[in-house]
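Visitor: Please find one structure pasted underneath; my questions will follow.
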Amino acid sequence: MAKDQLQVLNALDVAKTQLYHFTAIVIAGMGFFTDAYDLFCISLVTKLLGRIYYHHDGAPKPGTLPPNVSAAVNGVAFCGTLAGQLFFGWLGDKMGRKRVYGMTLMMMVICSIASGLSFGHTPKSVMTTLCFFRFWLGFGIGGDYPLSATIMSEYANKKTRGAFIAAVFAMQGFGILAGGMVAIIVSAAFKGAFPAQTYQADPLGSTVSQADFVWRIILMFGAIPAAMTYYWRMKMPETARYTALVAKNLKQAANDMSKVLQVDIEEEQEKVENVSQNTRNEFGLFSKEFLRRHGLHLLGTASTWFLLDIAFYSQNLFQKDIFSAIGWIPPAQTMNALEEVYKIARAQTLIALCSTVPGYWFTVFFIDKIGRFAIQLMGFFFMTVFMFALAIPYHHWTLKDNRIGFVIMYSLTFFFANFGPNATTFVVPAEIFPARLRSTCHGISAAAGKAGAMIGAFGFLYAAQPTDRKKADAGYPAGIGVRNSLIVLGCVNFLGMVFTFLVPESKGKSLEEMSRENEGEEESGTEMKNSGRTVPV
């Protein structure tokens, strides 16, 4: 089949970087900006939700979400994301990338707004509706993963493809950063307008009634960037690789790419019939042929993403608890509700600014130079090292004079997660599988990651509790403590390094070469080497 599709696909592979590449990055990237904002902003307001809806008169500490409610609020979006990745990944291969792309965005816009409008006054009604809308928010976000990665990989040229896909994913860093900044601005504004005493001084008055607006505004803000890109997302043409390889319409693929590349490409109408009749590579996802060609690849991409997200999401969602444990955020009872939101958001924003965002962009700049495999292996290695460096002398880091050192070391684990497997696990599945299964396989890999995220979100919530039951948060059983939790995460990162050896290097290769869609053609290797020299116009 590669021989029949040579002209239009090679026009993409050898195209110079031009405006449509950057337009695609911005359109797909703003979806990921929204994804990250919506997934992580909940961690900024969970303590506020506990103060508002679970206050108990006479309690020595402010109200907190009960364990089951906290697990649901933090984890329900991941359940939706996992389901959305599988469903929309499959649908993207069946209906086309563009047709499904708008559905996911509109779902994100509607459910972001609905999450902030969660109705009711009782804790049960508010939390139930919040969880309901965050599940469907996650469902829409889940579709964005395989579709954004697949669209960007199929639009890109092979020389800078890794950087383009990584740039889309890097917008996640700005989404996390924006979440913290919005929370800082909103909480500071309300704190100035509605001053209150600390919980110790006035337990009931420390949470002003207007605080209920704060978490709603923070959650609803995520709808704005997604809504702004809907029009442009709908104007994007279907990717030429889907049109040519899956829909088998070479004429339409040539016409679409002629517009975006601003060159004339042969329609190759005489080859359409040959493409339609060629069934050599039409094996399915559950076939022996797929297992032979790509079984280990799918195991590698799914397992590494699964292991990464256990560590990555437990760190991101619960860094406020870690900062509290080492004293970087004051005890809750010494602050009022809005002051606590402000200080949690400030700490998370600092981490995002100093380590998360730079880590993503290091990957963008280096992924096409040193390759996906090297970056992923290096990232897992340093995440392992820094986790153990934090965990083994944990008591040392809790001492007041050493707390800044702890934050620096903790930040480095974020840096090497993002200049490492958090980016590469997103990039590689969009490159190594056949076009008709690319979105599905990326969705499966991403869903494995979200299964890991749920383990991180639910598991770390309980595991990080002190070993002394009396010191644990209200409603929680005794855990293994922060130190032992960090040791477990270090071991998880080490396993990720091991499973990385199942993932092939795709730097500088065409998508058809990586997916082996040209396997079985005579002289296919020669064609692939020489195919990029001329493009008929």
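Any Cβ shown, glycine's included, is placed from N, Cα and C.
Quick paste of what TrEMBL says about this protein:
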TRANSMEM  20-49  transmembrane segment
DOMAIN    24-508  domain 'Major facilitator superfamily (MFS) profile'
TRANSMEM  69-88  transmembrane segment
TRANSMEM  100-119  transmembrane segment
TRANSMEM  163-190  transmembrane segment
TRANSMEM  213-232  transmembrane segment
COILED    251-278  coiled coil
TRANSMEM  350-367  transmembrane segment
TRANSMEM  373-392  transmembrane segment
TRANSMEM  404-423  transmembrane segment
TRANSMEM  443-464  transmembrane segment
TRANSMEM  485-504  transmembrane segment
REGION    508-537  region 'Disordered'
COMPBIAS  508-518  compositional bias 'Basic and acidic residues'
Visitor: Per the 3+ Cβ pairs under 8 Å rule, pairs at least 6 apart in sequence, do the transmembrane segment (100-119) and the transmembrane segment (213-232) touch?
Guide: yes
Visitor: Between the transmembrane segment (20-49) and the transmembrane segment (213-232), do 3 or more CB pairs sit under 8 angstroms, pairs being 6 or more residues apart?
Guide: yes
Visitor: At a threshold of under 8 Å on Cβ distances, which of 350-367, 443-464, 485-504 pairs most often with the transmembrane segment (69-88)?
Guide: 443-464
Visitor: On the 0 to 100 scale, where does the mean pLDDT of the domain 'Major facilitator superfamily (MFS) profile' (24-508) fall?
Guide: 87
Visitor: DSSP-wise, what's the residue breakdown of the compositional bias 'Basic and acidic residues' (508-518) into helix, strand and coil?
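Guide: Secondary-structure breakdown of the compositional bias 'Basic and acidic residues' (508-518): 5 helix, 0 strand, 6 coil.
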Visitor: Under 8 Å for C-beta pairs, could you tell me which stretch among 20-49, 163-190, 404-423, 443-464 has the largest tally with the transmembrane segment (350-367)?
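Guide: Out of the listed stretches, 404-423 contacts the transmembrane segment (350-367) most.
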